[in-house]
């Protein structure tokens, strides 16, 4: 790294869904002349696959996260406390050397779930900003929980928040998936807003057209808000960032060739793509209902079932659907969603998957499991109007009939053309946001100009 180059640190939370958005923003900053050092853990660095110019442009700085000291008996709070303590100390040690190097960093951009990074940055006189990997709608909900203006679970049948549609309790993020850790999870997610008054900027992985009113509300919190999303590889949007077709980090090995060859043989818009992310674990009864519902649609389908989940499928399921379905352990989701054969995405509604569906113009069947997925599903169905949300019964089970009905309605029903038309509109608006002169591109340009002036 040459002396005098404008240099920043990027510090993501060490999980795939948090690293990839910050990596994508880093690529756009590099394309505009900024030098980036990515601070991460050894485990993550071993899985990074930066291609072309980015393999040289992003300097990887590895620090310990304390995971080697973790005990199996540790609670989530104990694990997070150790992570914070270890990472704080190691970040301080790293910065003591970096700040006296020939080209010290001017700025640190960090994952919002690690607000303690801001305090370390202040110690060293570094300008700083949190990066929110989630939607601004979730930011609003968590902020109001932090300040005691909203309780989880809520005490009223409807919830009214500034610049948000009217919400029901079933639209709020579900943080009770691990009852023993609910309080810890809520503390972690609401702490993202505990010290924002000391941040220079707030970066959000969204775009103005998608969440404009909520973004305006965030700006009332007193710090400038920079929307820089969607953080999807440029090849699928504006194509202005060279050699940017993949995120650069995958903790799973995709069956890319198998999936794409199979899709090539199917008619346009005929395939249902099913994936519920890298973390969700589904109960055996629910997975069985899901499998039967998918099978009974008679649709071609590509289903990602991780190896750890495959044993929950009904006996001989894979063999029984061989003519219609392909079941794989992982795939390149962007490649699949961009394929013309795919007509619907059955998704858990993680924010990255939500953005990918919108960016690639694919209607959805929303099947959220926990956390922000629930709120994302609400917006996909009722605000952005690109699909249907699966309903559960009193036992919190989605029946095979409900699964089949939702898939059929999105792909063949009366509103199928509406869902597709709306999806294509969002695809256009997402591309416009990151293209030259778009809202997100302008925000990135302004940030780069600010860095070069200081």
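Here, residue 1 is simply the first one shown, and the rest follow in order.
Cβ atoms are placed via backbone N, Cα and C, with glycine included.
The structure displayed is predicted, hence computed values, not measured ones.
According to Swiss-Prot:
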ACT_SITE  18  active site, proton acceptor
BINDING   18, 144, 371  anthocyanidin binding site
ACT_SITE  111  active site, charge relay
DISULFID  259-331  disulfide bond
BINDING   278, 331, 333, 351, 352, 353, 356, 372, 373  UDP-alpha-D-glucose binding site
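Using a 10 Å Cα-Cα cut-off around the residue listed as 'active site, proton acceptor', the recorded positions 331, 333, 352 reduce to 352. Residue 371 (anthocyanidin binding site) is 29 Å away from residue 259 (disulfide bond) when you measure Cα to Cα. Around residue 144 (anthocyanidin binding site), the same-chain residues six or more apart in sequence whose CB sits under 8 Å from its CB are 150, 161, listed in sequence order.
Residue pairs drawn from 18, 144, 371, the listed anthocyanidin binders, are separated by up to 23 Å at the Cα level.
Reported as a whole number, the C-alpha separation between residue 331 (disulfide bond) and residue 111 (active site, charge relay) equals 26 Å.
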